[in-house]
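> Pasting the relevant annotations from TrEMBL:
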- Ser57, Tyr126: Fe-coproporphyrin III binding site (BINDING)
- His195, Glu285: Fe(2+) binding site (BINDING)
Amino acid sequence: MVRSAQPYDALLLCSFGGPNGPDDVLPFLQNVTRGKQIPEARLKEVGEHYYGFGGKSPINEQNLALLVALRAELDRRGVELPVVWGNRNWHPYTVDTLRDAQAFGAKRILTLVTSAYASYSGSRQYREHLAAARAELGDELRIDMLRPFFNDLGFVEANAEAILEAAARLGEGYGSETVAAAGGLDGAHIVYVTHSIPDTMQDASAETGDGYREQHEDVRAELDRILAARTAASFDSSLAYCSRSGDPRVPWLEPDVNDHIGELAANGVRKIVIAPIGFVSDHMEVAFDLDIEALETARDHGIRAVRAGTASVRPAFVSGLVDMILERAARERGEAAEAPTVGALGAFPDVAPPGSCRMRHGEVTGVPVLAGDED
Ligand SMILES: CC1=C(CCC(=O)O)c2cc3nc(cc4[nH]c(cc5[nH]c(cc1n2)c(C)c5CCC(=O)O)c(CCC(=O)O)c4C)C(CCC(=O)O)=C3C
Ligand SMILES: [Fe+2]
């Protein structure tokens, strides 16, 4: 039986984008930082991270893999829904992808952004971006966005599995993988990591609902609960931040993961699992800021450290996303469809509330966002 995802004609996988080679790095960074106050020195530094990887970010191939995995899961369930891919900061740009989709007759698009948590960077900036694309392509095109998925069981389950696999590497020599995971986790400290944002962006994210930091704390608590139940190991955890940018005088969320690892070492911690719950795939922030910098910091302090994988294309994650897509489509058809979540915060609304997730607390820019949530 063919099931439809009506009223949607296509699913747009919308991501950040990244350079595919050395010549892309500068223009990509210019796209990202247009209108933002980022010092030249920071840009140079980030450019070097990319050049160190041959000028190529892993993010585009990771998004293609996610697209293929979503396609396969939709097919497996017999759902007819084209999946297309577009980015905010690099080719293929969202507006070009949507123009093609429109040429094939698509009128109503559901967007999945590769950002699990709601803040300006992970939510409103995408809604501004999509509104700009729609303004270019015409009002017949209707674009919706899926609610944040940080507390979807599939996303949380994928992270739990990745942490257990990493813990098993810490516990090598304990026997079977389950025993090794428990042994590795026992006495360990899990450092959950996400992207730092300016304090004023955090405050803005908390204005109409639970804020960015609170969303991560909710995931941390839920993961701790799942991991303790599955392993009976005794462990601690905390939330730290990576990849701060901007003017050094402007406060961003802390502790920085490297400072935090130093503090843990001073407090006698000897083994850690670094769990990048703030990221959906192992892109540059993970490959450089965690795998190169944070792991080196741990080594310098004599701490054994492993980095857990991201949700990426784990079946639990992909399947959870498809559930969310089908639920949203059902609600748009006027059918009753629940929005199940884990943790304490509950489902975020399908349409972001007016005034949510501004760039800075107290700031109103008047930049258009998607229909339904204009200020
Ligand atoms: C919350 C958040 C996420 C997580 C949510 C999500 O995943 O969306 C995220 C993801 C990403 N950030 C990325 C890259 C960059 N972010 C920058 C700058 C900034 N990020 C910010 C926040 C976030 N960013 C902020 C507040 C800035 C300051 C300027 C601004 O207000 O926008 C800069 C400029 C240079 C620098 O200063 O770092 C770059 C190059 C890539 C691509 C990686 C790759 O290429 O593999 C990805 C996935
Ligand atoms: Fe970023």
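Positions of Cβ are set from backbone N, Cα and C atoms, glycine also.
All annotation found in TrEMBL is predicted automatically rather than curated by experts.
The shown structure was predicted, so the numbers you read here are calculated from the model rather than taken from an experiment.
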> Suppose we screen the binding-site residues Ser57, Tyr126, His195 by Cβ distance to ligand 1 with a cut-off under 6 Å; which survive, in sequence order?
Ser57, His195
> Taking only the Cα atoms, work out how far His195 (Fe(2+) binding site) lies from Tyr126 (Fe-coproporphyrin III binding site), in Å, as a whole number.
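Each residue's Cα considered, His195 (Fe(2+) binding site) and Tyr126 (Fe-coproporphyrin III binding site) end up 17 Å apart.
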> May I ask you to report the DSSP-based helix, strand or coil state of Ser57 (Fe-coproporphyrin III binding site)?
coil
> In which DSSP state, out of helix, strand and coil, do we find Glu285 (Fe(2+) binding site)?
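Helix, per DSSP.
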> Tell me whether His195 (Fe(2+) binding site) sits in a helix, a strand or coil according to DSSP.
strand
> If one looks at the chain holding Tyr126 (Fe-coproporphyrin III binding site), which residues at least 6 apart in sequence have a CB under 8 angstroms from its CB?
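For Tyr126 (Fe-coproporphyrin III binding site), the qualifying residues are Cys14, Arg88, Thr111, Val113, Ser115, Met145.
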> Take the Cβ of Glu285 (Fe(2+) binding site) and count every other Cβ within 10 Å, whichever protein chain it belongs to.
23
